């Protein structure tokens, strides 16, 4: 699906170089099509890199998606130019009276930070509560999953002693579920987190359907029965070199990180890794857009009643 973004957004030229169909707003306005409105709450430090990753996965379908980027942290960014944030991001107050077909809440490097110490925790709570009445389906990724489980289900923060980092094999538990339609019985996906998501805890404290898991990673993909909530605890959006960049960053900082599992050839950080999860990431996002967003959202968002019959 061609994604509609501002003409000047850096992702436009970046993704077009990959032959990804990106439609600038100026052209999209000439087509009489009701685009899906998708809001992305980008909590990652390197926002431009994260934009490229998610927009790539959202682009592979025949309908238009109108992308809106949201920020909730008013502090000065160390990794993204202020001009970029001011030009391409909106504040919550700008969109709080609008409705959206989809919302994506990204991960954040906050695995060792208590919720009460997260600078924008009240804003996270506000957005998640707001989405109940203003968004058809919300997709939470990595740390955002942990935050949402706490806010929506009261599940306390669970933290691993050692960071989970690498590319892991997962089992599809419900192959005929809409979100896993077309999945192989086993598939690979990257993880980079301290957060822990034991399958038994998800089953005990929620009514969410667990769709994919791994012995090493715990629950990977789960969703609400009404399709309004979807959770993915890994990073299917990551580029081939994202884990390598994180490993080098932590190593340079003297944190003595573990080498990401099943990632570098021969587990040698001097060798260039290859992505083994791209097809899974594209299929996951295509299924979410089709079955959780497009097929249940109203044509007129002013008449939103995002529930299944």
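Here, residue 1 is simply the first one shown, and the rest follow in order.
Heads up, the Cβ atoms here are built off N, Cα and C, so glycines get one too.
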Item to check | Recorded substrate site member, picked from 157, 163, 225, 274, that accompanies 192, 249 in Swiss-Prot | outcome: 163
Item to check | Nonlocal residues around residue 111 (site 'Important for acyl-CoA specificity'), in sequence order (Cβ under 8 Å, 6 or more apart) | outcome: 143, 159, 163, 193, 194, 195
Item to check | Intrachain C-beta neighbours of residue 142 (active site, acyl-thioester intermediate), sequence separation six or more, cut-off 8 angstroms | outcome: 106, 107, 108, 191, 192, 193, 195, 232, 233, 234, 235
Checklist entry - Given residue 237 (active site) and residue 249 (substrate binding site), what distance in Å do their CA atoms have, once rounded to a whole number? => result 19
Checklist entry - Any idea what DSSP makes of residue 237 (active site), helix, strand or coil? => result coil
Checklist entry - With a radius of 8 angstroms around the mean position of the C-beta atoms of 163, 192, 249, what other residues of the same chain does the substrate site pick up? => result 109, 165, 243, 246, 247, 250, 257, 260
Checklist outcome for this item: Given the binding-site residues 163, 249, the candidate whose Cβ has the fewest other Cβ atoms within 10 Å is 249
Checklist outcome for this item: Reading the DSSP string in three states, the entry for residue 111 (site 'Important for acyl-CoA specificity') is coil
